[in-house]
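K.L.:
Handing you this structure, nothing more for now.
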Amino acid sequence: MASHHQFSAVKGAKVLMVGAGGIGCELLKTLALSGFQDIHIIDMDTIEVSNLNRQFLFRKSHVGLSKAKVARDAVLRFRPHVSITSYHANVKNQEFNVDFFKQFNVVLNGLDNLDARRHVNRLCLAADVPLVESGTTGFLGQVTVHVKGRTECYECQPKPAPKTYPVCTITSTPSKFVHCIVWAKDLLFAKLFGDKNQENDLNVRSSDSASSSNHAEDIFELYKDETIEQYGRRVFDHVFGYNIEVALSNDDTWKNRNKPRPIYSRDILPDEPTKQNGNSDKNCATDDQSSFSAMTSLGMKNPQEIWSLMENSRIFIEAIKLFFTKREKDVGNLTFDKDDQLAVEFVTAAANIRAESFGIPMHSLFESKGIAGNIVHAVATTNAIIAGLIVIEAIKVLQNDANNYRMTYCLEHPSRKMLLMPVEPFEPNKSCYVCSETPLSLEINTHKAKLRDFVEKIVKVKLGMNFPLIMHGSALLYEVGDDLDEDMVANYAANLEKVLSEFPSPVVSGTILSVEDLQQELSCSINIKHRDEFDEEKEPDGMVLSGWHQTSLEKGDSSKTLGNGESISTPSATEADKNEDSDIVASGRKRKLDEAPSSAVDISSSANEANSLKKLEELDDDDDDDLVMLDDGDSAMNKKKRLQ
């Protein structure tokens, strides 16, 4: 039973929820049932069919509608006297500025991506409003409290960027099934059904124009005098046969690798057109463009069955036929959608055929969809538990009960007879560039890199700034804003194309750049260090940002960088198993609040286990599209995929 003090704190609170997905639905319901009277909720997403199995405020009739608005209406039906304000918008919109955040007593996050989380974290710091962060994936979940000056902020522990792969690996030397999925989804599907004018490496790479003219000329264009079946086979032979033979011509590539096997349709499929053994009428009868299915046409039913090479080849051809006959209007404008059955079938088949060529084990449709669609399978019960924990921490925040703040982990298996493991929050990280204003360091080739490279790869992607202002001393190099006149916009656009060392005030080794985001009220200094060469595979950005990593990393260990050039941060559970440097809370780094009561429950050993759990870092709300591609696809720990 809540005390009078608790009830008063709850009743008089003004709460902002960000996210109305898996966690958000549970959270909004729990807030309303707990006595909160003034709730605001922001979510830019609309309801999808795949949400309905766990986001219980939504029904099939709501598909396509605003999540925030439908969630509001659903809760008002059983709590009509609660004031709920919904915003179908992006929390990064300029209307949701620091002044907007200042009106709230606490902010509760149920977001599904790193960029938005960082943005909300910064606005909460600028507005001095407590933030309760959360995330779930499967049976795992966590809730953390971030209070300015008292606990670490969301960015005190840098989050690993999504796993990226060099283009040459994807196009020429795949060694894992995920490489084949990325190739099938981002290159082949996009080339066939998206914008055909885009540049990618699917076209022939032979220098022998005489022998390759037939392949180089409009290979992905449908000729007027050919059938869809002939077109599909021509594309099949080009990407799985001819291009593989071209790749094999480079002997140096295969000195230490297994050579791939060219696959041609004539060796797999009969000469006659693909036979339809299934119910093609079902495909004809529907108006739902996303429900067309090559599996249905061919009489194949089990999505968890691994298809043979012939079955994959038949699906590949049949999917192309269905796209060009049943969805002809879509061709040229399509992007991959995990809820598009035909798209998933095509990508699965294409990835499997390529995997077979390179000696990589094939996967089922179910497994392929999970990888291609960035799906982390959700558990509604976990969302409900986490939502309850969010409300508990929110009430503590409203009562200013700092001594009892906890970050709590929800475990899959009991540890010390506990499924919920509370840990005292950490103090602010003094090396955090967001809440402690620690200078950063950037290694970059100042004689080659342009300001555009710095803005796009560092300021926007790494630092997450939306409206940056960049200064070198008193010189303003770049600015974004609605109040700029045309001459200023043109001047800054011209600056983007300038090489850093060629500015009137050259940006060279030793230069300190000031970067600021006025919307987030965040500023930081970046020390520039010139560097001539970068490893294309490990540092594909051609620059390395550092200075905001954990203080537990040993000085001088420059080898601990991620593939995208960032300093090593919290690895996934899978990476942690095989990386001895993966402990993110090393000895001496478990920084608990001094105000924590000495009578608190003894959770020292549990805390160590929780620290290892923190290797999962911030888990996502379950309807995310931000799966981090893990290197070890066979580990049982892959069930505990860590999201951003």
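Note that Cβ sites are derived from N, Cα and C of the backbone, with glycine treated the same way.
Per TrEMBL, the features are:
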- Cys168: active site, glycyl thioester intermediate (ACT_SITE)
- 19-24, Asp43, 51-54, Lys67, 112-117: ATP binding site (BINDING)
- Cys153, Cys156, Cys432, Cys435: Zn(2+) binding site (BINDING)
- 275-287: compositional bias 'Polar residues' (COMPBIAS)
- 559-573: compositional bias 'Polar residues' (COMPBIAS)
- 601-611: compositional bias 'Polar residues' (COMPBIAS)
- 618-634: compositional bias 'Acidic residues' (COMPBIAS)
- 9-433: domain 'THIF-type NAD/FAD binding fold' (DOMAIN)
- 325-369: domain 'Ubiquitin-activating enzyme SCCH' (DOMAIN)
- 442-534: domain 'Ubiquitin/SUMO-activating enzyme ubiquitin-like' (DOMAIN)
- 263-287: region 'Disordered' (REGION)
- 552-644: region 'Disordered' (REGION)
K.L.:
Rounded to a whole number, how many Å is the Cα of Cys153 (Zn(2+) binding site) away from the Cα of Asp115 (ATP binding site)?
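P.N.:
Checking the Cα atoms of Cys153 (Zn(2+) binding site) and Asp115 (ATP binding site) gives a distance of 15 Å.
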K.L.:
Tell me which of the recorded positions Cys168, Cys435 sits in the most Cβ-dense spot, judged by other Cβ atoms within 10 Å.
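P.N.:
Ranked by Cβ atoms within 10 Å, first place goes to Cys435.
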K.L.:
What is the interatomic distance between the Cα atoms of Cys432 (Zn(2+) binding site) and Asp43 (ATP binding site), given in whole Å?
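P.N.:
With the alpha carbons as reference points, the distance is 28 Å.
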K.L.:
If you average per-residue pLDDT over the domain 'THIF-type NAD/FAD binding fold' (9-433), what number do you get?
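P.N.:
Its mean pLDDT is 87.
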K.L.:
Name, in the order they occur in the sequence, the residues of the same chain whose CB lies under 8 A from the CB of Asp115 (ATP binding site) and which sit 6 or more residues away.
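P.N.:
Sequence-distant Cβ neighbours: Lys92, Gly464.
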K.L.:
Taking just the CA atoms, what is the gap between Asp112 (ATP binding site) and Cys156 (Zn(2+) binding site) in Å?
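P.N.:
For Asp112 (ATP binding site) versus Cys156 (Zn(2+) binding site), the Cα atoms are 19 Å apart.
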K.L.:
Compare the C-alpha of Cys168 (active site, glycyl thioester intermediate) with the C-alpha of each of the binding-site residues Gly19, Gly22, Asp43, Asn53, Cys156, and give the closest one.
P.N.:
Cys156
K.L.:
For the recorded Zn(2+) site, whose residues are Cys153, Cys156, Cys432, Cys435, find every other residue on that chain with a C-beta no more than 8 angstroms from the centre of their C-beta atoms, and list them by sequence position.
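P.N.:
Going along the sequence, the neighbours appear as Leu125, Glu152, Tyr154, Glu155, Pro428, Asn429, Val434, Ser436.
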K.L.:
Hey, what's the Cβ neighbour count for Gly22 (ATP binding site) at 10 Å?
P.N.:
29
K.L.:
10 Å Cβ neighbour count around Gly19 (ATP binding site)?
P.N.:
30
K.L.:
At 10 angstroms around each C-beta, which of the binding-site residues Cys153, Cys432 has the fewest other C-beta atoms nearby?
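P.N.:
Each of the binding-site residues Cys153, Cys432 was scored; lowest Cβ tally within 10 Å is Cys432.
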K.L.:
Whole-number Å distance between the CA of Gly19 (ATP binding site) and the CA of Cys435 (Zn(2+) binding site)?
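P.N.:
The Cα atom of Gly19 (ATP binding site) is 24 Å away from the Cα atom of Cys435 (Zn(2+) binding site).
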K.L.:
Using DSSP, tally how many residues of the domain 'Ubiquitin/SUMO-activating enzyme ubiquitin-like' (442-534) sit in helix, strand and coil.
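P.N.:
The composition, in the requested order, is 26 helix, 30 strand, 37 coil.
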K.L.:
What is the number of other Cβ atoms found within 10 Å of the Cβ of Asn53 (ATP binding site)?
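P.N.:
So the number of other Cβ atoms within 10 Å of Asn53 (ATP binding site) is 10.
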K.L.:
Using Cβ-Cβ distances, find the residues under 8 Å from Asp43 (ATP binding site) that belong to the same chain and are at least 6 apart in sequence, listing them in sequence order.
P.N.:
Val18, Gly19, Ala20, Gly21, Gly24, Ser66, Lys67, Ala68, Ala71, Ser86, Tyr87, His88
K.L.:
Measure the Cβ-based neighbour count of Cys156 (Zn(2+) binding site), defined as the other Cβ atoms within 10 Å of its Cβ.
P.N.:
23
